Amino acid sequence: MESARRSVAVLLAGGIGARAGLGMPKQFAELRGRTILGHALAALHDHPGVEGVLVVMAPGYVDAARVVTAGHPRVLDVIEGGAERSDSTVAALRWLADHALAGADLLVHDAARPLVSARIISDCLAALATHQAVGVAVRSSDTILRADATGRVVDVPPRGELWRAQTPQGFRAGVLQRAYDVALADPAFVATDDCSVVLRYLPDVPVQVVEGEDRNMKVTGPDDLAIAERLLGLG
Ligand SMILES: Nc1ccn([C@@H]2O[C@H](COP(=O)(O)OP(=O)(O)OP(=O)(O)O)[C@@H](O)[C@H]2O)c(=O)n1
Ligand SMILES: C[C@](O)(CO)[C@H](O)COP(=O)(O)O
């Protein structure tokens, strides 16, 4: 009989939130009295399918994050992230390997997406039973233009094929580590998410879309805080 799958969440909160223009990491901005970090943490921590949450925090803000994680018994630790988002993922993978959790399935989530729903998390976990890698995404309602460095439009991909990636991104145990093991040997490696690392460096591993929600927005620019607050108020 197959042993029960273990699922661990990695909460990526290692950025400084420069585009938000708050003068502090946007993870600590509040939405209706709770920090963005707190909202994202609660969504993962309180989900019955998530065994534990590893928080990856911006250097210098680990103690501040521990104030937010206090009272959450399944927080595994709060560790320092790296210069880029992918460096923070690598830091998480290293911690998991050092703490005998390399055998767990992973959900990697942006702390900047505080409104992620339990349905999305459940669907990601369920999808990992039959897929080795999954990415939450929503179909693009905009037509997407591909342009060169001069701004000249070089392609307009068929909109029906285009999805806007969100998080969590989910990975069967060991898949993400294998992908990064190959990626980090590539001097030209760069990534803004983790599914693309699997797609590019583990061509034998298909990546499956899991339907997201517009509400699962990423707080990036100054206007996003007000938008997220309004969405939170809509229940
Ligand atoms: N070195 C980094 C950079 C980003 N992130 C996390 O990845 C998520 C998505 O990144 P983004 O929204 O770009 O956050 P920042 O990098 O902080 O934003 P900015 O680019 O405006 O500084 C965020 O939860 C962020 O904290 C991270 O863990 N480590
Ligand atoms: C992972 C992500 O949220 C998918 O859309 C996005 O790539 C993160 O980008 P950011 O620039 O690190 O916010």
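Glycine residues also receive a Cβ, built from the backbone N, Cα and C atoms like all the rest.
No curator has checked TrEMBL annotations; they are predicted automatically.
Since this is a predicted model, take the numbers as computed values, not measurements.
Here's what TrEMBL has on this protein:
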- ARG19: site 'Transition state stabilizer' (SITE)
- LYS26: site 'Transition state stabilizer' (SITE)
- ARG159: site 'Positions MEP for the nucleophilic attack' (SITE)
- LYS218: site 'Positions MEP for the nucleophilic attack' (SITE)
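A separation of roughly 9 Å, to the nearest angstrom, links the Cα atoms of ARG19 (site 'Transition state stabilizer') and LYS26 (site 'Transition state stabilizer'). ARG159 (site 'Positions MEP for the nucleophilic attack') and LYS26 (site 'Transition state stabilizer') are 32 Å apart (CA-CA, integer value). Figure note: comparing Cβ neighbours within 10 Å for the recorded sites ARG19, LYS26, ARG159, LYS218, the maximum is reached by LYS26. Separation of the C-alpha atoms of LYS218 (site 'Positions MEP for the nucleophilic attack') and ARG159 (site 'Positions MEP for the nucleophilic attack'): 21 Å, rounded to the nearest whole number. For ligand 2, none of the recorded sites lies close by, meaning a CB under 6 A from one of its atoms; the full candidate list was ARG19, LYS26, ARG159. The secondary structure of LYS218 (site 'Positions MEP for the nucleophilic attack'), as reduced to three states from DSSP, is coil rather than helix or strand.
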